[in-house]
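Trainee: There's a structure below that I have some questions on.
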Amino acid sequence: MTRLFMLVCLGIVCQGTTGNILRGESLNKSLPILHEWKFFDYDFGSDERRQDAILSGEYDYKNNYPSDIDQWHDKIFVTMLRYNGVPSSLNVISKKVGDGGPLLQPYPDWSFAKYDDCSGIVSASKLAIDKCDRLWVLDSGLVNNTQPMCSPKLLTFDLTTSQLLKQVEIPHDVAVNATTGKGRLSSLAVQSLDCNTNSDTMVYIADEKGEGLIVYHNSDDSFHRLTSNTFDYDPKFTKMTIDGESYTAQDGISGMALSPMTNNLYYSPVASTSLYYVNTEQFRTSDYQQNDIHYEGVQNILDTQSSAKVVSKSGVLFFGLVGDSALGCWNEHRTLERHNIRTVAQSDETLQMIASMKIKEALPHVPIFDRYINREYILVLSNKMQKMVNNDFNFDDVNFRIMNANVNELILNTRCENPDNDRTPFKISIHL
């Protein structure tokens, strides 16, 4: 194995050497399936209402693709990109089951599924639940993932009451690249430091088409758009191949994840094998300047493109490995080098494009006295993105899955475990 040299200082992004990422001892461990679907259907309230939706084109099962998931208590949220035939973009999984799988129920109700006057949710591309029991929803405003229908916006719900707390439009000059005119808001990370005040909540939004990072301050509703060459896609890696089927993606920064331990925001361009991060301490004040922001990372450290990312409270970064249909990890207590990266799960059947991951605490079925030992579990959504892009789903097969696994068990006996002799997180050089 070739050891990767990396310099993390002076704002330098380093070049990685080649060599395969090691596969962990738990590679063949399958992720338990929580829910699965051949296709998505909804709880319309009555058969008559469902038939009306089908006849009018409001619902077409062939055009419903999940983009994100999250869980709060017994509610599991599923967002659907708004294509023609998608009746609701923000949903929860109901207790009813249809021919395709569990039925979806619009959240908080059907009124938010209507968007003709732009008052509802057009396309909930991503969502996040913070420690204050708030649901943050990123609405791209796009139909068919390309056509602007309404201005993009950020919505916040109180999960204890299901009431809308706030809705903020994202200005056009922030939401799109001023030079290219391109924009598609595709990833979301929320940093809530103090639940008693609004001033300590910041939101990070990735624009994968316009190759930009947007920082939102909840205290004054200010938006800042940042640019960096680390956000740009790499032309060498625009071909995405999953289970032998390929498509092209000329997309930049996406798949963001915020570390609760180091406050690093991790990301990768869609078309890239690199892994980058920026420390969010630099954004705490609203008077920061673009040229003062320092980005770190390693170019071409992965063997394939990466997708969704998430960081556990103990500092384990998980990421989807697109071409391998696998789940990779790296521990922030170790240096960001290739030999410290592991593949901990792989399945050509169930892990075709990991589209979303979330870290939650205490598996619901774990006895209360064991939850302090096995605190964290990971939720994983796979959605066969290649089938969506190429429009060749077989809806007689299972196409979409939500899986979960205990974090400690997943990384057991791999380098993603915390080193016994070092409990200090990987040090970062920050220049403010």
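Note that Cβ sites are derived from N, Cα and C of the backbone, with glycine treated the same way.
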Trainee: Identify which of CYS118, CYS132 is listed by Swiss-Prot as the disulfide partner of CYS150.
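Mentor: Between CYS150 and one of CYS118, CYS132, Swiss-Prot records a disulfide, namely with CYS118.
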Trainee: Can you sort out which of CYS132, CYS329 is the disulfide partner Swiss-Prot gives for CYS195?
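Mentor: Among CYS132, CYS329, the record in Swiss-Prot lists CYS132 as the disulfide partner of CYS195.
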Trainee: Restricting to the recorded positions CYS132, ASN144, ASN177, CYS195, CYS416, which ones have a CA within 10 Å of the CA of CYS150 (disulfide bond)?
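Mentor: Checking each Cα against CYS150 (disulfide bond), there are no hits.
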Trainee: What Cα-Cα separation, expressed in whole Å, is found between CYS132 (disulfide bond) and ASN144 (N-linked glycosylation site)?
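Mentor: Between the alpha carbons of CYS132 (disulfide bond) and ASN144 (N-linked glycosylation site) there are 33 Å.
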Trainee: In sequence order, which residues at least six apart in the same chain have a CB under 8 Å from the CB of CYS195 (disulfide bond)?
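Mentor: Counting only residues 6 or more apart in sequence, the Cβ neighbours of CYS195 (disulfide bond) under 8 Å are LYS131, CYS132.
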Trainee: Counting Cβ neighbours within 10 Å across all chains shown, tell me which of the disulfide-bonded residues CYS118, CYS132, CYS150, CYS329, CYS416 comes out on top.
Mentor: CYS416
Trainee: In terms of DSSP three-state secondary structure, what is the assignment for CYS150 (disulfide bond)?
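Mentor: Once the DSSP labels are grouped into three classes, CYS150 (disulfide bond) ends up as coil.
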Trainee: Which site among ASN144, ASN177 has the most other CB atoms no more than 10 Å from its CB, taking these as glycosylation sites?
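Mentor: Of the glycosylation sites ASN144, ASN177, the most buried by Cβ count within 10 Å is ASN177.
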